[in-house]
Amino acid sequence: MVTVLNTVNQSGRLRHPEKAHRPDNEVLKKPDWIRVKAPVSRGYGETREIVRSNKLVTVCEEAGCPNIGECWEKKHATFMIMGEICTRACAFCNISTGIPNALDPNEPENIAKAVKQMGLTHVVITSVDRDDLADGGAHHFAEVIKAVREAAPATTIEILTPDFLRKEGALEIVVKARPDVFNHNLETVPSKYLKVRPGARYFHSIRLLQRVKELDPTIFTKSGIMVGLGEERNEILQLMDDLRSADVDFMTIGQYLQPTRKHHPVIRFVKPDEFKSFETIGKTKGFLLVASSPLTRSSHHAGEDFAKLKAAREALYASRAS
């Protein structure tokens with residue numbers, strides 16, 4: 001795989017040739033309901049300093065998350081492990097693509113240290129895709145979970161994983177480490193995979209989530225999608241059914257925002273009332289929790305949502321017992 005610089009936006013960020021050679025797409029003006037404040041608070045600065053001092057990477061920065069100001073002000077951050085270079089070139093994603101560096105053996109300890117420094121009660125850990133590794137990075141995920149458990153036993157752990165495609169036994173390694181929440185995003189409906197997520201397979205991702213529940217039914221499972229990529233409403237409803245058939249507990253739905261002209265265009269901006277309807281429908285389909293709004297992202301309000309998940313499961317068990 002060759003790594004090139006995308007000089008079109010003069011950012012100096014590493015890009016896979018496929019991204020650099022894509023035709024420019026118009027970037028639509030965002031509607032008023034997607035406006036966010038610039039990150040300038042004291043809490044934001046303190047979080048950034050902790051991240052920098054521990055030489056950590058966050059998906060908040062790498063993916064250009066619109067909620068970074070709100071989350072970092074509250075000293076919430078989603079740590080991205082195994083480097084900042086991904087082996088895939090998804091059309092929606094702003095993370096750099098190329099040949100990754102070797103794993104940092106000190107990363108589990110550094111993540112655990114940051115969790116303790118920030119006083120996190122709930123931490124979200126994600127990663128780039130590492131197709132170059134024999135286990136896809138599963139063992140490294142497990143080591144990070146173990147380190148956080150030892151440093152901050154009271155902190156609940158949520159992971160957002162790649163699909164471990166063609167990595168036999170990888171999922172079992174991660175599940176054995178017993179995260180509290182296992183998140184793997186479908187990202188979009190199956191008809192859009194060839195253009196949006198060409199390196200992945202929709203039904204493999206569904207099966208991955210189902211397998212987590214088979215291995216350990218106590219782990220909460222979660223998945224998210226973006227809308228505004230040209231999908232049809234009935235495709236979203238079918239995707240919900242697919243997730244429920246895999247016994248997924250929690251679904252997130254947010255608006256796709258185009259990072260640069262080289263990325264997949266926004267086909268439309270979905271209005272807030274339509275997001276609300278997805279939330280209502282999702283709950284009737286049996287999800288314990290559905291978060292659906294223009295600015296919803298996988299890790300947004302993750303700590304609060306974990307508390308809601310626990311309460312919803314307890315209420316469900318109580319209703320079955322009565």
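In case you wondered, yes, glycine gets a Cβ from its N, Cα and C as well.
In the three-state DSSP reading, S299 ([4Fe-4S] cluster 1 binding site) counts as coil. According to Swiss-Prot, the feature [4Fe-4S] cluster 1 binding site maps to C60, C65, C71, S299.
Positions annotated as [4Fe-4S] cluster 2 binding site by Swiss-Prot: C86, C90, C93. Here C86 ([4Fe-4S] cluster 2 binding site) comes close to C93, I95, S96, T97, G98, P100, V128, D129: these same-chain residues lie at least six apart in sequence, with C-beta atoms under 8 angstroms from its C-beta.
According to Swiss-Prot, the compositional bias 'Polar residues' annotation covers 1-12.
The domain 'Radical SAM core' annotation in Swiss-Prot covers 72-288.
Under the heading region 'Disordered', Swiss-Prot lists 1-22.
DSSP assigns C93 ([4Fe-4S] cluster 2 binding site) to coil, not to a helix or a strand.
For the pair formed by S299 ([4Fe-4S] cluster 1 binding site) and C90 ([4Fe-4S] cluster 2 binding site), distance between Cα atoms is given as 19 Å, rounded to the nearest Å. Sequence-ordered, the extra residues of this chain that approach the [4Fe-4S] cluster 2 site, with Cβ no more than 8 Å from the Cβ center of C86, C90, C93, are R88, A89, F92, N94, I95, T97, V128, D129. Averaged across the domain 'Radical SAM core' (72-288), pLDDT for the predicted model comes to 96. Listed binding-site residues: C90, C93, S299; maximum Cβ neighbour count within 10 Å falls on S299.
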